[in-house]
């Protein structure tokens, strides 16, 4: 059991290391300015900018971990979201939902690799491949995209409890 746990943990740590390295390169190459330029070109006013931010979270989540994304975009997006008049709590909920989608989105969805690492222990003779796992997450991803859209359209869903507890 210890060897198997070590193998799965090592696999996950390599994924984390690669994501951190990629985020350092992403930042070092000045890609933040590219994202800023992309948002400036987005049409549709404040909602267009918000949709572009969510799209950028989704795309970055495919190759970066959640912490790297936050470090890269928080200094850029948080002031912009505040200037656009959106709730920062609501925007944080949208960010977390995007991170959750990233955990099951190829090519670097951490949960996909965890599932692949567990298959030999849970169902050793199943013949489940990585592509089988990738295909199996499509319905879950669809439901999560729908949930993200609902939270975007009806912010009260995400803000009900914080407003109840903290007033607002």
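Every residue gets a Cβ built from N, Cα and C, even glycine.
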Annotated transmembrane segment segment (source TrEMBL; candidates 112-136, 137-161): 137-161
Intrachain residues whose Cβ lies under 8 Å of the transmembrane segment (47-64), provided they are six or more past its termini: 19, 22-23, 26, 35, 38-39, 72-73, 77, 80-81, 84, 86, 94-95, 98-99, 101-102, 105-109, 148, 152
Mean per-residue pLDDT computed across the domain 'TRAP C4-dicarboxylate transport system permease DctM subunit' (4-157): 84
